[in-house]
Amino acid sequence: MKNSGCLVPPIHSPKHIKPRRTKILSQESFIMPLPLLYNHTRIEVATYVLGGWDIGICADLFFQGILYTQFIRYTKICKRDSPWLKLFVAGLASLTTLKSIQAISMLWLQNVIKFEDLASASVLWRTHWLFHLTVIGSALVAFYVQLPFFCVRLWVMSRNIYIVFVVSLLFVMALAAASAATFYIFRRDFDRGLDWLAVHLGTAFLGDLILTVGIVVFLIRHSRVVIPHGETAHMVTGLLRLTIQSAAPSAMVALVNFIAATRINVTNERIRVELMLCEISNMVLPQLYAMSAMWTLNSREDIRAEAEGASELDTFSLVPAPPPADADREWSANDSIHETSPGPSLDILDEKSPPERFPV
């Protein structure tokens with residue numbers, strides 16, 4: 001066949017047809033669930049999946065910076081603390097640092113390695129082991145703060161073995177539920193994983209609620225034996241304020257996470273704003289628990305100084321009025337608040353303080 005003096009091969013000849021360049025989908029793209037491929041736009045996927053992880057990771061790193069300042073401040077005021085308590089803080093610093101390293105790795109994997117592949121990046125939370133560790137990592141940090149620190153603090157204050165046992169059991173159950181959720185997530189059984197995640201979040205929230213209410217009730221009950229406007233009364237007021245303020249952020253985030261995880265499982269629609277809230281909450285909860293513990297430890301000197309400065313002032317106090325004199329005489333010497341356990345010293349006061357001792 002001739003054309004302008006040149007031999008032109010037949011058009012149908014396969015040897016001379018330039019192959020069409022097609023994009024080969026990665027393995028993650030084939031695993032992608034159908035709703036993500038067909039029922040959601042790229043904007044929805046980028047916002048609720050990638051955006052949720054980005055915001056959560058950035059918040060994680062922001063709170064970790066605050067934690068480092070708290071750790072540094074603790075090293076300057078921990079001279080009288082027991083070795084056990086110093087070891088606890090060192091372990092907490094190590095755990096939160098490892099959690100932030102995981103967050104940076106997730107950010108690099110999602111925004112750098114998978115930068116040009118939205119399909120693969122949007123399912124990393126379903127396919128990559130690094131994202132699967134988010135639930136159990138958050139649960140480990142929370143458990144590390146809840147059981148060795150706050151449960152010991154509750155025991156030192158209340159000496160009530162029953163309430164301490166119930167709270168400790170709830171925290172152990174929460175860790176077990178998080179382990180079960182991680183197991184099913186690794187097996188790609190996300191329905192059961194979400195069920196166990198909801199159990200974990202609900203159990204941990206209930207334990208936190210009982211713990212906080214127990215500490216507040218104890219402080220109010222024992223504040224009846226102190227002078228309403230003395231130094232110890234101001235110290236109790238400071239402890240009440242500290243307990244509520246330090247517990248509120250983590251409790252609210254845990255509640256939001258629990259509601260969002262439950263909603264996702266009920267509606268059976270993965271890509272929605274609830275998924276974004278779960279991603280953000282799971283990333284910031286460990287840091288909030290750690291900040292609560294460090295806030296409590298670092299506030300001891302501030303509460304003591306505030307109580308000493310305000311002891312002579314007639315200021316507003318959260319402490320209720322003391323009972324009649326007859327009721328005061330019913331209190332025995334054993335009813336005063338002292339830390340006598342062999343455990344770590346978590347006192348707000350030391351040997352230079354008045355006789356009434358209130359553990360932080």
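Placed from the backbone N, Cα and C atoms, the Cβ positions cover glycine too.
Quick look at what TrEMBL annotates:
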| type | residues | note |
| --- | --- | --- |
| TRANSMEM | 45-63 | transmembrane segment |
| TRANSMEM | 84-109 | transmembrane segment |
| TRANSMEM | 129-150 | transmembrane segment |
| TRANSMEM | 162-186 | transmembrane segment |
| TRANSMEM | 198-220 | transmembrane segment |
| DOMAIN | 205-301 | domain 'DUF6534' |
| REGION | 316-360 | region 'Disordered' |
| COMPBIAS | 326-338 | compositional bias 'Basic and acidic residues' |
| COMPBIAS | 349-360 | compositional bias 'Basic and acidic residues' |
Q. Going along the chain, which residues at least six beyond the ends of the transmembrane segment (129-150) come within the CB cut-off of under 8 Å?
A. 53, 88, 91-92, 95-96, 98-99, 102, 105-106, 109, 168, 171-172, 174-175, 178-179, 181-182, 185-186, 197, 200, 204, 207-208, 211, 282-283, 285-287, 289-290, 292-293, 346
Q | Residue counts (helix, strand, coil, in that order) that DSSP gives for the domain 'DUF6534' (205-301) | A | 86 helix, 0 strand, 11 coil
(Q) Just to confirm my parser: what is the rounded mean pLDDT across the domain 'DUF6534' (205-301)? (A) 82
Q.
Which residues of the chain, 6 or more past the ends of the transmembrane segment (162-186), have a CB below 8 A from one of its CBs?
A. 129, 132-133, 135-136, 138-140, 142-143, 146-147, 151, 154-155, 192-197, 199-201, 203-204, 206-207, 210-211, 214
